[in-house]
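As structure tokens, the structure follows; a few thoughts come after it.
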Amino acid sequence: MKIIQHVHSEDFKTYGTDKIRERFLLDDLKEKDKANFVYSHYDRMVTGLITPTNQVVPLGTYDILRAEFFLERREMGVINVGGAGSIIADGTTYNLAKLDCLYMGKGVKDVSFSSADANNPAVFYILSAPAHATYPTTYLQNADAFSAQLGSVETANERKIMRYIHKDGIQSCQLVMGLTILSTGSVWNTIPPHTHDRRMEVYFYFDVDEEHRVFHYMGEPQETRHIIVANHEAVLSPTWSIHAGSGTKNYSFIWGMAGENLDYADMDTFGVKELK
Ligand SMILES: O=C[C@H](O)[C@@H](O)CC(=O)C(=O)O
Ligand SMILES: [Zn+2]
């Protein structure tokens with residue numbers, strides 16, 4: 001499993017494109033029939049992607065976890081952004097259509113992932129954080145998730161936000177997870193942007209058309225940089241960084257956090273005029 005260390009906000013100011021991409025962009029997650037994970041030291045968040053085609057892909061364990069099985073001391077949230085698929089967790093099968101979510105609590109031992117149709121494979125996006133208590137494994141259909149409409153056509157940021165794992169949704173130790181879908185013609189996410197010193201965040205972009213890209217903005221509000229991302233790529237957002245983006249076409253993304261609290265609304269927002 002690849003490991004990514006912390007970056008200090010002062011050091012970040014001297015970074016060029018390559019170094020920014022190396023330290024924050026997760027662009028090699030997608031691989032057929034293989035589980036790919038990246039371990040970041042930001043709240044020890046593990047980010048992964050599993051795209052099963054003809055094979056069932058088991059959740060293994062890794063040296064860095066020093067655990068007999070992946071979820072021995074961890075919890076995990078999974079959202080499917082591809083075709084229909086299934087997850088078997090300790091003998092129970094959960095069928096996930098596109099945008100459905102499964103939370104697995106600390107202690108779940110045997111986990112495997114598969115697709116219903118190899119030609120339209122499931123794409124399981126995974127976040128996992130350390131957990132010190134067990135919350136029940138919970139399946140949530142997209143239609144049953146809390147949703148809110150935000151933004152406007154006028155400001156090109158009309159979007160639907162769906163919250164799955166959070167204080168008032170699926171219960172967890174520290175994982176918070178949901179997704180945002182931009183309407184046709186809207187391209188801006190999370191404007192005005194914010195930071196939250198209490199939680200790190202990961203953005204995973206999906207439904208980005210092949211010939212399009214999203215400009216993801218990061219850095220301290222008065223010292224921003226951008227990373228250009230393609231479909232199924234993720235960006236780590238340290239606590240000192242804003243996270244926002246604009247695309248050459250509308251797109252969707254999964255946001256996920258871990259840290260001090262589970263309060264989605266605990267954000268320090270910055271007006272557009274404050275940004276540099
Ligand atoms: O802390 C919360 C996250 O940054 C996102 O939920 C914000 C977002 O999806 C949006 O406004 O479009
Ligand atoms: Zn945020």
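Glycine too: its Cβ is placed from the backbone N, Cα and C atoms.
Just so you know, TrEMBL annotations are computer predictions that nobody has curated.
As recorded in TrEMBL, the features of this protein are as follows:
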type	residues	note
BINDING	H194, H196, E201, H243	Zn(2+) binding site
>> Within 10 Å of its Cβ, which one of these binding-site residues (H194, H196, H243) has the largest number of other Cβ atoms?
In response: H243
> Once the DSSP letters are reduced so that anything not helix or strand counts as coil, what is H196 (Zn(2+) binding site)?
Replying inline: coil
> So around the Zn(2+) site, H194, H196, E201, H243 aside, which residues have their CB within 8 A of the centroid of those CB atoms?
Replying inline: T190, P193, T195, R199, S237, S241, I242, M257, M267
> So what sits near E201 (Zn(2+) binding site) in its own chain, CB-to-CB under 8 Å and at least six residues off in sequence?
Replying inline: S237, H243, W255, G256, M257
